[in-house]
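What follows is a set of notes on a single structure, which appears directly below.
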């Protein structure tokens, strides 16, 4: 059940960057294709991570997905092609080329992990993970208030609903039944 919740939570993160790229660059007719490719590559990457073909991957189930970190570079490249009167196909070719080159850079850098472990100690990774968690507080509070640009942001009804969901999750996490504890988030969100 925890894996199912994880997949549901990651689904939004996997399809949102293609939606942003497609709608921002005027590639609305390609949105289904972009979303399908993001999901297919996520599944393929997860399979490679878990099965370790040719020694590639972690050997664990690590859900692979896209990231919001590269949106600026991809959108800049797309706008550059658009500014030069490139067709939607030219924009797509540029996006895929930039992503392919970025993937090659990551593959090359992955071979340096052993040397980086001397610099990136558990203290450094702990601080980074803590900062990521702290930065996500803003997202949680925004969603609790009703969501970004909600006309009724912070309305008592939104806050009460958020408090109720949080209370359900906390109560279910205190259960003695392991299945109920694992299902707490999905039950609370339902």
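Indices start at 1 and increase along the chain as displayed.
Cβ coordinates come from backbone N, Cα and C, glycine included.
These figures come from a predicted structure and were not determined experimentally.
Among the features that TrEMBL reports, transmembrane segment is placed at 7-24, 30-48, 60-79, 91-109, 121-141, 153-172.
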Item to check | Long-range Cβ neighbours of the transmembrane segment (121-141) (under 8 Å; 6 or more residues past either end) | outcome: none
Checklist entry - So which residues does the transmembrane segment (60-79) touch in its own chain, when a touch means Cβ under 8 Å and the partner is 6 or more beyond its ends? => result 3, 6-7, 10, 13-14, 16-18, 20-21, 24-25, 38, 41-42, 45-46, 48-50, 91, 94-95, 98-99, 102
